[in-house]
Amino acid sequence: MIPGNRMLMVVLLCQVLLGGATHASLIPETGKKKVAEIQGHAGGRRSGQSHELLRDFEATLLQMFGLRRRPQPSKSAVIPDYMRDLYRLQSGEEEEEEQIQGIGLEYPERPASRANTVRSFHHEEHLENIPGTSENSAFRFLFNLSIPENQVISTAELRDFREQVDQGPDWERGFHRINIYEVMKPPAEAVPGHLITRLLDTRLVHHNVTRWETFDVSPAVLRWTREKQPNYGLAIEVTHLHQTRTHQGQHVRISRSLPQGSGDWAQLRPLLVTFGHDGRGHALTRHRRAKRSPKHHPQRARKKNKNCRRHSLYVDFSDVGWNDWIVAPPGYQAFYCHGDCPFPLADHLNSTNHAIVQTLVNSVNSSIPKACCVPTELSAISMLYLDEYDKVVLKNYQEMVVEGCGCR
């Protein structure tokens, strides 16, 4: 049996989507009739038909979120700290900002200004040493990119963790160079001992700093996604300017060390991050806003006030069974609009001229309906979740929160 609170939550979500004319296209007229049927079943027996209707509406909501099916994340799925921190910055959680800045996270203003979706991909564990490179300091590693067809990638970044070098007589004044390449042909087709690559990005860094380094790999990812060229992976090369062979490549983390726990390594693995847009809504933009109201937030009763206004509606993703794949937020305050639009319409009811005329006509001819209480302003929320392929996604969803109501 499906819990009654889950069914009721789906009903409430559907009511929000059906609450205003701007959302009428999200659910067809036949769907509106089904809402009434579900409401009739919610307080009584749960028939097989009600379960079918629940599945239909869950599918509708998943489609609204741009998902073909409900994600079923594996227990081994890892949420990179970078994606959590990016979500906190995007959602404007100010109390976390100092901590985020402390680990050296830089918000990617330029990529995000053209994207409404951020995806992250860990590299496959198998690494190939590239023969013929100086001191065997170059490795090839692969990323399995699963990106929807409607997603247009604008920018891609490779993040590698670099540890401080504290060995050798010259470490305080030493530097090393990190080069990132795209592998143009598979090793089987290359001349023995020489891999065909092209340089994507390079950086000269000091030995005595521990931090993440970010490299622009957009040309390679755009070739793989837009031009549908084969993906033969990336190569990383580390060369030291003032250090012996003994210390070559020991501090740029591309593989797990033997004494290291799997949990620590999961957060230090190389991470490929793509910034894209699916043509829906607006781009991700960094902003600060007040935190959404908590789930149980008492409101003062407004006696004798039945006019159109905004009411509390907290959507808890655990109530609809989605908390296993939605990482953050655990829920959000969606609000809804409800109330009368009496004649004459007061200024605070945020009415249009047409609504004023319609209400005036209704006062003398009851066959003409009153103006309706509907959302007049809506805002977006950011969601961090695991998709159907266990990839971590940060996405901006438009028109999810009612900011204002009015008679229209």
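The backbone N, Cα and C atoms fix where each Cβ goes, and this holds for glycine too.
Database features (Swiss-Prot):
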| type | residues | note |
| --- | --- | --- |
| SIGNAL | 1-19 | signal peptide |
| MOD_RES | Ser91 | phosphoserine |
| CARBOHYD | Asn144 | N-linked glycosylation site |
| CARBOHYD | Asn208 | N-linked glycosylation site |
| REGION | 284-307 | region 'Disordered' |
| DISULFID | Cys308-Cys373 | disulfide bond |
| DISULFID | Cys337-Cys405 | disulfide bond |
| DISULFID | Cys341-Cys407 | disulfide bond |
| CARBOHYD | Asn350 | N-linked glycosylation site |
| CARBOHYD | Asn365 | N-linked glycosylation site |
Checklist entry - Just checking the recorded positions Asn144, Cys308, Cys341, Asn350: which sit within 10 A of Asn208 (N-linked glycosylation site), CA to CA? => result none
Checklist entry - So which one is it: of the recorded positions Ser91, Asn144, Asn208, Asn350, Asn365, which has the fewest other Cβ atoms within 10 Å? => result Asn365
Checklist entry - Can you tell which of the recorded positions Asn144, Cys308, Cys405 lies nearest to the residue listed as 'phosphoserine' in space, using Cα positions? => result Cys405
Checklist entry - If you measure from the C-alpha of Cys337 (disulfide bond), which of the glycosylation sites Asn144, Asn350, Asn365 fall inside 10 Å? => result none
Checklist outcome for this item: Cys405 (disulfide bond) sits from Cys341 (disulfide bond) (Cα to Cα, rounded, in Å) at a distance of 11
Next on the checklist: Can you give me the same-chain residues 6 or more apart in sequence from Cys308 (disulfide bond) with a CB-CB distance under 8 Å?
Outcome noted: Cys337, His338, Gly339, Asp340, Cys341, Leu349, Cys373, Cys405, Gly406, Cys407
Checklist entry - How big is the Cα-to-Cα gap, in Å, between Asn350 (N-linked glycosylation site) and Asn144 (N-linked glycosylation site)? => result 51
Next on the checklist: I'd like the number of other C-beta atoms within 10 A of the C-beta of Cys407 (disulfide bond), please.
Outcome noted: 26
Checklist outcome for this item: Expressed in Å to no decimal places, the gap between the Cα atoms of Asn144 (N-linked glycosylation site) and Asn365 (N-linked glycosylation site) is 65
Checklist outcome for this item: Cβ atoms other than its own within 10 Å of the Cβ of Cys373 (disulfide bond), all chains, total 24
